[in-house]
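As given in TrEMBL:
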{"type": "DOMAIN", "residues": "A:25-432", "note": "domain 'Aminoacyl-tRNA synthetase class Ia'"}
{"type": "MOTIF", "residues": "A:53-63", "note": "motif ''HIGH' region'"}
{"type": "DOMAIN", "residues": "A:442-564", "note": "domain 'Aminoacyl-tRNA synthetase class Ia'"}
{"type": "MOTIF", "residues": "A:525-529", "note": "motif ''KMSKS' region'"}
{"type": "BINDING", "residues": "A:LYS528", "note": "ATP binding site"}
{"type": "DOMAIN", "residues": "A:607-750", "note": "domain 'Methionyl/Valyl/Leucyl/Isoleucyl-tRNA synthetase anticodon-binding'"}
{"type": "DOMAIN", "residues": "A:807-871", "note": "domain 'Valyl-tRNA synthetase tRNA-binding arm'"}
Amino acid sequence: MTETPAQQTTDLPQAWEPAAVEAELYQGWVDAGYFTADPDSDKPPFCIVLPPPNVTGSLHMGHALNHTVMDALTRRRRMQGHEALWLPGMDHAGIATQNVVERQLASEGLSRHDLGREKFIARVWEWKAEYGGRILDQMRRLGDGIDWTRERFTMDDGLSRAVQTIFKKLYDDGLIYRAERIINWCPRCRTALSDIEVEHSDDDGELVSIRYGSGADSIVVATTRAETMLGDTAVAVHPDDERYRHLIGTEVELPLTGRRIPIVADAHVDPEFGTGAVKVTPAHDPNDFEIGRRHDLPAITVMDETGVITAHGPFEGLDRFEARPAVVAALRAEGRIVAEKRPYVHAVGHCSRCDTVVEPRLSLQWWVKVEPLARAAGDAVRDGRTKVHPPELAKRYFDWVDNMHDWTISRQLWWGHRIPVWYGPDGETVCVGPDEQPPAGWTQDPDVLDTWFSSALWPFSTLGWPEKTADLGRFYPTSVLSTGYDILFFWVARMMMFGLYAMDGVQPFDHVYLHGLIRDAQGKKMSKSRGNVIDPLDWLDRYGADACRFTLARGANPGSDMALAEEWAAGSRNFNTKLWNATRFALMNGATTATPVPDRAELTDADRWILDGLDALVSEVDELFDGFQFAKLCDALYHYTWDEFCDWYLELAKVQIAAGGARADATRAVLGHVLDVLLRLLHPVIPFITEVLWKAVTGGESVVIATWPSASGSSADSSARTRIEGVQKLVTEIRRFRADQGVKPGQRVTARLSGVDDADLSDHAAAIAALARLQSPAAEFAASASLEVALPGGTVVVELDLSGTVDVGAERKRLTKDLTAAEKELAQCEAKLGNPKFTDKAPDDVVAKVRTRRDTAAADIERIKARLAALPAG
RNA sequence: GGGCGUAUAGCUCAGCGGAAGAGCACUCGGUUUACACCCGAGCGGUCGCAGGUUCAAAUCCUGCUGCGCCCA
């Protein structure tokens, strides 16, 4: 008999207290170098680059979810023997960071202009050193198995060099150009924004109809931005619009200004909208800009970069939102307001960083010509080099990349990568690559690049590009990019474009996994204004990293958002506690991996059943991991752990251990083996608790570097399974009967079972008695009640001495309910079988199945009726 | 306005052609020496509405309605 090693019962504390041990465990992993990848190993590579969080950011639930996913993927591959690299870092977040530091300066009564560009940038670096990157420490608390030795920052020297290199390459290839266009302008940030940095919302506004000109030749236009009329240079109508045909080519007087403007015909005007005549302000509206180009109209800018009106007498110096009512009032005074609609709900663009209403503005900016890049990015997904998970979202990706507008990359900021273009005294232009010098006396373009420009290089710049480093050769293309579907466009599309371009057509990642968005328990978006934000740090404190991670992974159904609430985390915490207690109990009973699991011939039905279930679980988990099905994977692990291992096997194992001798030793080996495998399977999702438990069970160094389980290869014993399921059904029916009869769960009841041999359960009498709390009858046994349980092999009759009055009413109620169900079943089956079309056309196995169901139902009805008839009256 | 997605138990979601499922919540019982963060037993659904295809529809098709998202 195996000695129970003493330390196994004492090593594990009574309860799992994550807060007390997580930090130390994590530091141990880092110190051991488990997360540091070696480019020179001969293992197959696996690489994930962390979508770099903002240097100003802190961990929110969306990060926590994404990190859980990436960590689980990486940890599993590491266990599978891959050279696993998860590479961390941050982006410099141009606008956000500059805003933060400017606010800091403002509190000192300073502006960035007081400091000047160089000193301001130095100040930003100081800020970063002190406050930046809080999120990196929070990632440690989540348990991220990240290679900290490779941490990168988009403004680092190496990455800045990558930015300059690719800019020069694009410029030389004619894919970067400078042009004056209408761009999205944030008057608060005072910079250009790209299309995707603008968020549209339906806002209350006004629709004002204004009469231009006078008399028969007058024309009415409608606008939501009345103040822009100061910059109108035409009125446009549809060429086929009979109402206005006579006016085309004539001029009207623009009110308030005295200017005369032409009426032009343009096919892009919608005759159905408003009056069918539109005012044209080429300097302040993208559509109008196009009309202006087609008709060679001048563009008059009437606002400065802060949104303040710059001309036109009484309106000069007014903010755009003050100017709007002022202009309307002035027009009304002239009797030119024909109609006003207020509120008028229409889509308004807002700055995604500061929510200020975006102003379309005519301005000279740098652009990326995206057409060839976007086409390549689309093709990489179309031809399967990069796979999108879930695949439905690929369509959205195509919609985007196939209709992409050129990308404005210049930003009127100081914090960022300065555009490497220099201007000569006579307007010459030169783009300067790394290691090149601009001609003396030339001046550099003052603008910096969009942060996303450098982030788009992340999958290869972090690995050393443009140098041909060992890391780049080994880990590019990366394996998986994981992110929320909401930033599919920010991340995936741009990384794809630049990755393919810089790396000679090799895609930056093989798989793109897109997870859903985090919502509250009612499915509402989390937002500060709603007050429904859950802070992951709060959950980490109160429930532990494993519970937080398990909750997130368990909710990650492909393509759909995830609702979160306190109860979810508590449920995961409970799961961890269950796992803890089950393992502790197994160890207290001598569970071990020191002795091998005996041959199957030596094992009981229960042993084979739980081992076969474990094999099935291994295969299922592998399949689900490969398909990025995290919710199902967690459910499978949860179900096996709790419903099969804890609820049944551990109870059956108690009986086997009580038997002593070789049976007990075999059971200890099975317990040890199942826990060893189960803990390894759980480790990628819940790394901390599995580390402690796995070491206690196996005595191994660390589950982080343990081998990923594979199925045993033995074929499943289906008759063992049938018998265990028979035990389960019998035990459950007896418990149900006891509960109906009001017998306390713990109370032993004298019982006599017959038909056990026919049901092939003769080996399981002890287990049935233990689980159903039965005891053997004495000589003078007098049954006061009985029940019948139909099993595949035969019906087991259980006679019980309830030693009290029997609740005949409860029994009748139960039997009647069962009878109703059986009768319904019989009717359904007979209806089908009575339909010749069904028996002719349905597959044979389906018909056979229905026949069996009919026979079972008929037998059930007969049996239940007999029992009801035998029941005493009352 | 255009496009996409979704509608299943009180809540959050699986299931996506052949007997309606899970977690949580709820009800009843419980000091069963691993666990009350637990154990045992339950209750709960004409699968949004209306048509159609099929021997068979929660599952496929059409329309409608509600909700959500993306793009104008």
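Even glycines carry a Cβ here, placed using N, Cα and C.
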Segment confidence, the domain 'Aminoacyl-tRNA synthetase class Ia' (A:25-432), expressed as mean pLDDT:
88
Taking helix as H, G and I and strand as E and B in DSSP, count the residues of the domain 'Aminoacyl-tRNA synthetase class Ia' (A:442-564) in helix, strand and coil.
51 helix, 23 strand, 49 coil
Please spell out the DSSP helix, strand and coil residue counts for the domain 'Valyl-tRNA synthetase tRNA-binding arm' (A:807-871).
59 helix, 0 strand, 6 coil
According to DSSP, how is the motif ''HIGH' region' (A:53-63) divided among helix, strand and coil residues?
3 helix, 1 strand, 7 coil
I'd like the number of other C-beta atoms within 10 A of the C-beta of A:LYS528 (ATP binding site), please.
7
